[in-house]
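Enquirer: Below you'll find the structure I mean.
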Amino acid sequence: MRLVLVGPPGAGKGTQAQFIASHLSIPKISTGDIFRANVSGGTPLGKLAKEYMDRGDLVPDEVTVAMVRDRLSEDDAQEGFLLDGFPRNVPQAEVLKKMLAEFGTALDLVLELVVDDDEVVRRLAGRRTCRSCGKVWHVLFDPPAEPGVCDACGGELFQRDDDREETIRHRLEVYQEQTAPLVAFYADEGILVGVDATGPVEEVTQRAMAVLRRFAD
Ligand SMILES: [Zn+2]
């Protein structure tokens, strides 16, 4: 099965991508993973990508497309895949469609994780990261025994810039601006399905798998 997973930051997309891909025995192909490899490797492409990601903006198409094409050409992606983080906009979706047509195939389904902005802010703005060991806590969902102190190592907890409400709202705006037309594109293609991404991770996975089973029947 050839799938694309879309959803706003904070919808648990990375986690869902992993679970769904493993249920279906297909590789999860995440632009996030490819970006991180480039960034930590300090490649020119990685440095460029990092400038955009640090601002909460999206990486330019030509950078992303080159990486995705290589990845989709690999052996393990020939029987199916789940794309996470690509395509992000209509031009990328057009490129992907053409790319897959060259490979003699096409997407089966696009799953959209649906969750409202305030829920995303509640999830992300509550995160606190330990300065010493890097462990992430949540003031509501996973609070340390003593506020501001890491249970694991006694280190000081702080809020990463990425987790500040204004950064999150900016990322959601960027997401909306770029993704709404993408979602409309796939709706026109007749392969878009929405999955309610509110609530516990396992429930969301079950909803997504129910949709995929319906499609497979
Ligand atoms: Zn710690």
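Note: Cβ is positioned from N, Cα and C throughout, glycine not excepted.
When I checked TrEMBL for this same protein, it listed these features:
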BINDING   T31, R36, D57, L58, V59, G85, F86, P87, R88, Q92, R160, R171  AMP binding site
BINDING   C130, C133, C150, C153  Zn(2+) binding site
DOMAIN    127-162  domain 'Adenylate kinase active site lid'
REGION    30-59  region 'NMP'
REGION    126-163  region 'LID'
Enquirer: May I ask for the residues of the chain that lie six or more residues beyond the region 'LID' (126-163) and have a Cβ under 8 Å from a Cβ within it?
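Expert: Cβ under 8 Å, 6 or more out: 56.
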Enquirer: I need the CA-to-CA distance for F86 (AMP binding site) versus C133 (Zn(2+) binding site), whole Å please.
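Expert: Roughly 31 Å, rounded to the nearest whole number.
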Enquirer: For R88 (AMP binding site) and C130 (Zn(2+) binding site), determine the Cα separation and express it in whole Å.
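Expert: R88 (AMP binding site) to C130 (Zn(2+) binding site), Cα-Cα distance: 31 Å.
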Enquirer: Average the per-residue pLDDT over the domain 'Adenylate kinase active site lid' (127-162) and send me the rounded value.
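Expert: Mean pLDDT for the domain 'Adenylate kinase active site lid' (127-162): 95.
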Enquirer: Measure from the Cα of C153 (Zn(2+) binding site) to the Cα of every one of the binding-site residues T31, D57, V59, R160, then give the nearest.
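Expert: Checking each of T31, D57, V59, R160 against C153 (Zn(2+) binding site), the shortest Cα distance is to R160.
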Enquirer: Tally the residues of the domain 'Adenylate kinase active site lid' (127-162) by DSSP class, grouping H, G and I as helix, E and B as strand, and everything else as coil.
Expert: 2 helix, 12 strand, 22 coil
Enquirer: Any idea what the Cα distance is from V59 (AMP binding site) over to C150 (Zn(2+) binding site), rounded to a whole Å?
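Expert: Here the two Cα atoms are 33 Å apart.
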Enquirer: Just checking, which of V59, C130, C133 (binding-site residues) has the fewest C-beta atoms within 10 Å of its C-beta?
Expert: C133
